[in-house]
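This report refers to the structure that appears directly beneath it.
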Amino acid sequence: MRRAGDVSRRWEAGTSAEYKRMTPTTNVAGSLQTRTSCVTRGSHSPPRASTVDASTTASTNTTPPSVSPILTHFAGVPIPQLAAEFGTPLYVYDAAMIRQRARDLAPFDVTRFAQKACSNLSILRLMRDEGVLVDAVSAGEIARALAAGYAPSEKDHDDAAIAAGHHPAIVYTADVFDRAAIDTVIEHDLPVNCGSPDMIDQYGERCQALGRRHGVTLRINPGFGHGHSQKTNTGGEGSKHGVWHTEVADCVARAERWGLRVTGVHMHIGSGTDMSHLHKVGEALERIALEVGSSVLTISAGGGLSTPYRGDEPPIDVAGYYNTWNAVRERLASAFGHAVNLEIEPGRYLVAESGALLTEVRAVKKQGTLNYVLVDAGFNNLARPAMYGAYHPVSMCPAGSGQDKEGGSSATTADCPPPTADFVIAGPLCESGDVFTQKDGGIVEARPLPQPTIGDYLVIGGAGAYGYTMASNYNSKPLCAEVLIENGQPRLIRRAQTVDDLLAAEL
Ligand SMILES: Cc1ncc(COP(=O)(O)O)c(C=O)c1O
């Protein structure tokens, strides 16, 4: 069930004086519990309190994030405890943060999670629990959606049901069908969002042979785009994505040749897009939908909503964004004389802030004038900095802080020194680009950190989107484990690969 709402977060200082002052913060570093002054010895850390107020209508983003140089807990759990129990590197996710982000988008008729951002089955089940539907870009993602409980339905191809508000649970959306994908789509009779004219022909041919006269939606490239990096810009002629905006009439005719009809228009112009570009998409989509005509039952705003990785970006005005799209939908509904469904298809917005990559410090050294801290995670775990020069907030957790032998908090002020110097943060891979603090083009940067020592932890925040899903086995490194924390309880949601797993597939 969709619930509009907001999560108000606070970390309660508990009943004792152990917590002198805590900064309540919803944090892009991944729901990280921060302290601006340090904890004195002795108490169990209080579980973080997250309350969901289902009565408030979702409007804007919540508290602007802030990044503390020192973090001791993640979602209420001591970081050293997580590291001891599950090992490092380790992806951790805060379920409450994901739920909050899903509820932010409740005004849209459908939030369709672009699972490529974070496709662990437990995350998909959580999305489903929040009433979020899903897209898939491959046979593997279809299999994940099915395994998480999303089910295709006959109504997915029934225009009357769709006009009355039925929303397909899974939509295949891509620019191509590889052979496995089209076989899987046909097997499960899934709705398709076509990003190239050839997809229409390939799908149409298979449908015609089976006597299926389905609707298809078109992903249109409006001729412009924007992303946080040129590599995530999915519009304009420099992008391979979507049906070119002048080809719409041809695509409608192609669909009709196969007995199909165009029932929806979709635009996704990039990932990490700025709001001024996103607002322009509505106008472009409206034009195209009018060109297609009254067979259009659904419009999709795509994804692209950005995430405040640096902590100083203004919160996204979700309500304003919804209003822009709702106005487009209403104008189209009045032009067509029937209701039009409004979908949004975010990946990053739903999960980026919920996740962090925990990693252990394994070496600290100087290279000329630069200080380096080398950790046990690399771009095999989190590729975004190496791939896009993407910025992730990084904080330090002193070894042993946040818990004592009995599991209580044992951090002292000595455990939480202020930043002492700037450090380049790099991984263990045999590759110069294996640096978490780099700009686009591979320019290495240094970040202020307290002096790290071997065994301390670094917490790389904002890692919930395009983190684990872009991980690799480079240097024969097994994929690491993932843990989901809900109500203060960490749960392993994917075991780490072993080297034997790696070798098992090789002949
Ligand atoms: C078709 C489509 N929809 C949605 C998304 C999700 O984008 P984001 O994570 O920026 O919301 C993507 C990612 O690029 C995409 O290609």
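Each residue, glycine too, has its Cβ placed from N, Cα and C.
Caution: TrEMBL annotation is automatic and unverified by curators.
The active site, proton donor annotation in TrEMBL covers CYS430. Counted within 10 Å of its Cβ, the other Cβ atoms near CYS430 (active site, proton donor) come to 8, all protein chains included. Annotation note: CYS430 (active site, proton donor) sits in a coil segment as assigned by DSSP.
Summarising the annotation, TrEMBL assigns pyridoxal 5'-phosphate binding site to GLY304, GLU345, PRO346, GLY347, ARG348, TYR466. In the three-state DSSP classification, ARG348 (pyridoxal 5'-phosphate binding site) falls within a helix.
The substrate binding site feature in TrEMBL is assigned to ARG348, ARG384, TYR388, GLU431, TYR466.
What TrEMBL lists as compositional bias 'Basic and acidic residues' is 1-12.
Per TrEMBL, the feature compositional bias 'Low complexity' maps to 49-64.
Taken from TrEMBL, the feature domain 'Orn/DAP/Arg decarboxylase 2 C-terminal' covers 91-464.
TrEMBL lists 110-352 with the feature domain 'Orn/DAP/Arg decarboxylase 2 N-terminal'.
Per TrEMBL, N6-(pyridoxal phosphate)lysine is recorded for LYS116. Neighbour list (LYS116 (N6-(pyridoxal phosphate)lysine), Cβ cut-off 8 Å, at least 6 residues apart, same chain): VAL137, GLU141, GLY347, TYR466, THR469.
Taken from TrEMBL, the feature region 'Disordered' applies to 1-24 (among others).
Look at TrEMBL and you will find 36-64 (among others) tagged as region 'Disordered'.
If one looks beyond the region 'Disordered' (222-241) by at least 6 residues along the same chain, the residues whose Cβ comes under 8 Å of a Cβ in the stretch are 175, 195, 267-274, 277-278, 280-281, 284-285, 288, 304, 306, 387-390, 440. According to TrEMBL, the feature region 'Disordered' maps to 222-241 (among others).
Cβ neighbour counts within 10 Å, taken over all protein chains shown, single out TYR466 as the most crowded of the binding-site residues TYR388, TYR466. Comparing the Cα of CYS430 (active site, proton donor) with the Cα of every entry in GLY304, GLU345, PRO346, ARG348, ARG384, these being the binding-site residues, the smallest distance points to ARG384. Among the recorded positions GLU345, PRO346, GLY347, ARG384, CYS430, GLU431, the residues whose Cβ sits under 6 Å from any atom of ligand 1 are GLU345, PRO346, GLY347. Packing around GLU431 (substrate binding site) is summarised by its Cβ count: 15 other Cβ atoms lie within 10 angstroms of its Cβ, all protein chains included.
The DSSP breakdown of the region 'Disordered' (222-241) into helical (H, G, I), extended (E, B) and coil residues amounts to 3 helix, 1 strand, 16 coil. Of all Cβ atoms in the shown protein chains, 25 besides its own fall within 10 Å of the Cβ of GLY347 (pyridoxal 5'-phosphate binding site). Long-range Cβ contacts of PRO346 (pyridoxal 5'-phosphate binding site) within its own chain (separation 6+, distance under 8 Å): LEU105, THR111, PHE113, ALA114, GLY303, GLY304, LEU305.
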